[in-house]
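Trainee: The active site, charge relay system annotation in Swiss-Prot covers H140, D170, S244. The feature substrate binding site is assigned by Swiss-Prot to G242, N243, S244, L299, G300, V301, Q302, I303, with similarity to another entry given as support. Annotated compositional bias 'Basic and acidic residues' per Swiss-Prot: 102-118, in sequence order. The domain 'PDZ 1' feature in Swiss-Prot is assigned to 287-378. Among the features that Swiss-Prot reports, domain 'PDZ 2' is placed at 401-491, with the record citing sequence analysis. According to Swiss-Prot, the feature region 'Disordered' maps to 102-122, 389-411, 428-447. Feature annotation from Swiss-Prot assigns region 'Serine protease' to 113-286. What Swiss-Prot records for 1-26 is signal peptide.
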Amino acid sequence: MLKTTTVAGLAAVLLTTGLPAEVAQSFAEAVRVQAPAVPSFANVVDAVSPAVVSVRVQARERVSDDESNFTFDFGGRGFEDLPEDHPLRRFFREFAPRENDRADRWRDRRGPRGEGRLRPRAQGSGFFITEDGYLVTNNHVVSDGSAFTVIMNDGTELDAKLVGKDSRTDLAVLKVDDKRKFTYVSFADDEKVRVGDWVVAVGNPFGLGGTVTAGIISARGRDIGSGPYDDYLQVDAAVNRGNSGGPTFNLSGEVVGINTAIFSPSGGNVGIAFAIPASVAKDVVDSLIKDGTVSRGWLGVQIQPVTKDIAESLGLSEANGALVVEPQAGSPGEKAGIKNGDVVTALNGEPVKDPRDLARRVAALRPGSTAEVTLWRSGKSETVNLEIGTLPSDAKEPAPATGEAQPDEGQAGEEALADLGLTVTPSEDGKGVTIASVDPDSDAGDRGLKEGEKIVSVNNQEVKSADDVLKVINNAKKDGRSKALFQIEAQEGSRFVALPITQG
């Protein structure tokens, strides 16, 4: 009977798997994760809520001369055709002088002209980071304000003053001067933050007062186009207007991010919010408390990403680094000899991933310090040492190229670069060649080249004619390259474009 049962069991295995039992048992099992119990956030909320505040911002509206000189003396405006003995004329002659005297007295009480009353300007959130009253919020919450009020979670209202603000990271620090010791929170080590971690957002959405929402970290390192230092955490906790400047906590009650922006077609929460990481906020906040401003390192070069095509055209094995489009005149980069077409591949020995990575790391360097910059130039690696400058407060991108000739159809001197889908003509200023026409079905058309733009160099060699372009391309073919790197100047600025080159 035991033997019969064993055979039956084996038959069942063969029927369900189609394979012998010993083979079936050797397959790896599907991934199984022990599901944790859904946590309660109540303990975290109880601990951190006293440190989170609402921030009310007011601005003193300037009163114009017309407003401060308001008068009841209509001077007969609108009543010019009334007879002299008309009752309305008599009314204004008797009434207006008395009212003007009253208006003058109110102006005297208000003080000098130009100082209007305080008007509500913005409302957001913030949180204490020291027991003596320093608190963090967003720059865009306080930037237009002249008076600031902090509202505690128990309803207490306290005046605050602006310590410093930084528009590039959208952070600001306020200070409440009070004898009490405030409950405060600390920043987390956000290197330990993982996608999928639970987080709790606390703030003041729509001015409702302290509100708690929960979610997870959806992504890290988000670039939302707000500036060169974008490195946001994306969270799906409900964040709305008024949450700006409020904290996002981990389950240990540490601040992992500062709520700054939401993605929303309608203006309401759709589960996509962005928070400044704690590591970025901590450095900026420390500088604002110490100096009232933030000093950043500056290289002074305009850069763009290294695409796979660009990497291939330059002989780079990987599409990493930052391609230098234009060093700014007098900048540390220009003084150190960094040129158009160089690729910054490492900074102080650490590889550079992309332009955003380079911008953040340079900004974090102390002005006046020495940095080692590794470049890829003319097919080989070079290193330059330079002194990091101080980012000017009004630093802008280099001015766009100007003076391009705008060709007409059939312009004399046009030469065809048929394999590229281009015709070009020598530029009027002798610098490069101007694109006269672009085949919309060509690689050049696909990559956005346009009539009137200028080809300044090919593979970092200056060109002044179609023959120059062809010469550089032929040399690239001899070197086994399948792409050539074109430097393009347009009204919007300078950029590099890699175009395929036909072998043969």
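Positions of Cβ are set from backbone N, Cα and C atoms, glycine also.
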Trainee: Write out the long-range same-chain contacts of S244 (active site, charge relay system), meaning residues 6 or more apart in sequence whose Cβ is under 8 Å from its Cβ.
Mentor: G124, S125, T137, N138, H140, V141, G203, N259, T260, A261
Trainee: Measure between the Cα atoms of every pair in G242, N243, S244, L299, G300, V301, Q302, I303, the residues the record assigns to substrate, and report the largest value in Å, rounded to a whole number.
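Mentor: Between the outermost Cα atoms of G242, N243, S244, L299, G300, V301, Q302, I303, the distance is 37 Å.
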Trainee: Applying a 10 Å Cβ distance cut-off over all chains shown, what neighbour count does G242 (substrate binding site) have?
Mentor: 23
Trainee: Quick one: Cα separation, N243 (substrate binding site) versus D170 (active site, charge relay system), in Å?
Mentor: 14
Trainee: What count of other C-beta atoms do you get within 10 angstroms of the C-beta of I303 (substrate binding site), across all chains shown?
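Mentor: By my count, 24.
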Trainee: Please spell out the DSSP helix, strand and coil residue counts for the region 'Disordered' (428-447).
Mentor: 4 helix, 6 strand, 10 coil
Trainee: Using DSSP, break the domain 'PDZ 1' (287-378) down into helix, strand and coil residues and give each count.
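Mentor: Summed by class, the stretch gives 25 helix, 28 strand, 39 coil.
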Trainee: Express the predicted model's confidence over the domain 'PDZ 1' (287-378) as a mean pLDDT, rounded to an integer.
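Mentor: In the predicted model, the domain 'PDZ 1' (287-378) has a mean pLDDT of 92.
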Trainee: Where among the recorded positions H140, D170, L299, G300 do you find the Cβ with the fewest other Cβ atoms within 10 Å?
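Mentor: It is H140 that, of the recorded positions H140, D170, L299, G300, has the fewest other Cβ atoms within 10 Å.
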Trainee: Any idea what the Cα distance is from V301 (substrate binding site) over to D170 (active site, charge relay system), rounded to a whole Å?
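Mentor: Rounded to the nearest whole number, the Cα-Cα distance is 23 Å.
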Trainee: Looking only at C-alpha atoms, tell me how far L299 (substrate binding site) is from D170 (active site, charge relay system), rounded to the nearest Å.
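Mentor: On Cα coordinates alone, these residues lie 22 Å apart.
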Trainee: Between the Cα atoms of G242 (substrate binding site) and D170 (active site, charge relay system), find the distance and write it as a whole number of Å.
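Mentor: The separation of the Cα atoms works out to 15 Å.
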Trainee: Just the number: how many Å between the Cα atoms of I303 (substrate binding site) and D170 (active site, charge relay system)?
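Mentor: I303 (substrate binding site) and D170 (active site, charge relay system) have their Cα atoms 23 Å apart.
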